[in-house]
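Trainee: First, the structure itself, so that you have it in front of you.
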Amino acid sequence: MSAMARTDPELLAYLEGYLTPQRRERFMKVLSWRTRYLTVALEDVYQMHNASAVIRSCDVFGIQDAHLIEGRFGRRLDKRIAMGAQQWVDVHRYEDNMACLEALRAKGYRIVATVPREESCPLDAFRLDSPVALLFGTEKEGLSAEVLAQADEAIHIPMHGFTESLNISVAAAIILRHLSEQLHRSELPWQLSEQEVLEKRFDWTCKSIRAVDEILARYRGAS
Ligand SMILES: C[S@@+](CC[C@H](N)C(=O)[O-])C[C@H]1O[C@@H](n2cnc3c(N)ncnc32)[C@H](O)[C@@H]1O
């Protein structure tokens, strides 16, 4: 459906009439925390449960978009582990890492590699002053040399044990929690625009109504 139809206030009000008031309030509350200022991209994550757990963390910490580079191992989402979070987070898929970086740059993101190495910026010292795409790497090798060469910056979570890195989904959760809190405390324009909020209300409402196609056809027939 076109962006114009998705933001038609009359149609939205008609569809939202099929939701309980509690459900509508929940959507508004979740949307008030949603951001596209911060986004996440996973490069060729091998284990399905890791990709799914990251999507779940995106939903929990208010990240509206996640980008999956799936050229090497194919589709990597397990609906059971994502606990339905993939319905609420917009998942963008790419065959190729450079296509993903190009798309992120075209949207104005600074590319920030996450690497478990002390030469990179420690998470606490990292400042969000422009939109950021966080890139996460595979379980074994981490990010590819190509992505690292293209990254504008790199960050790490300081570690003090014997282990050389965290599990990717744990690393993503720690970083997202830290940076989303930083964003919400800031004066930065991190929230979704009015138009984006309307589009998401429309999409989420459609996903929540059984037989939505019939209801839409009835609406079109009547108007
Ligand atoms: C298991 S680690 C990969 C380890 C790999 N040997 C390396 O050196 O990058 C998988 C991914 O989790 C993230 N990660 C794990 N520990 C991290 C840390 N301490 N700081 C930042 N990112 C981390 C990175 O995105 C990494 O590519």
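A Cβ is built for glycine as well, from the same backbone N, Cα and C atoms used for every other residue.
These figures come from a predicted structure and were not determined experimentally.
Pulled the feature table from TrEMBL, pasting it below:
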DOMAIN    38-176  domain 'tRNA/rRNA methyltransferase SpoU type'
BINDING   Thr114, Ile157, Leu166  S-adenosyl-L-methionine binding site
Trainee: With H, G and I counted as helix, E and B as strand and the rest as coil, say where DSSP puts Thr114 (S-adenosyl-L-methionine binding site).
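Mentor: Its secondary structure by DSSP: strand.
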Trainee: Starting from the Cβ of Ile157 (S-adenosyl-L-methionine binding site), draw a 10 Å sphere and report how many other Cβ atoms land inside it.
Mentor: 17
Trainee: With DSSP as the reference, give the number of residues of the domain 'tRNA/rRNA methyltransferase SpoU type' (38-176) in helix, strand and coil.
Mentor: 48 helix, 35 strand, 56 coil
Trainee: Restricting to the chain of Thr114 (S-adenosyl-L-methionine binding site) and a gap of 6 or more, list residues whose Cβ falls under 8 Å of its Cβ, or answer none.
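Mentor: Correct list: Leu134, Leu135, Phe136, Gly137, Leu143, Ala154, Ile155, His156, Ala171, Ala172, Ile175.
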Trainee: Beyond the listed site residues Thr114, Ile157, Leu166, identify every same-chain residue whose Cβ lies within 8 Å of the center of their Cβ atoms for the S-adenosyl-L-methionine site.
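Mentor: Surrounding the site, in chain order, are Pro116, Leu123, His156, Met159, Ser165, Val170, Ala171, Ala172, Ile174, Ile175.
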Trainee: Other than its own, how many Cβ atoms are within 10 Å of the Cβ belonging to Leu166 (S-adenosyl-L-methionine binding site)?
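Mentor: A count of 18.
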Trainee: Using the residues the record lists for S-adenosyl-L-methionine (Thr114, Ile157, Leu166), what whole-number Å value is the largest Cα to Cα distance?
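Mentor: Taking every pair of listed residues, the largest Cα separation comes to 11 Å.
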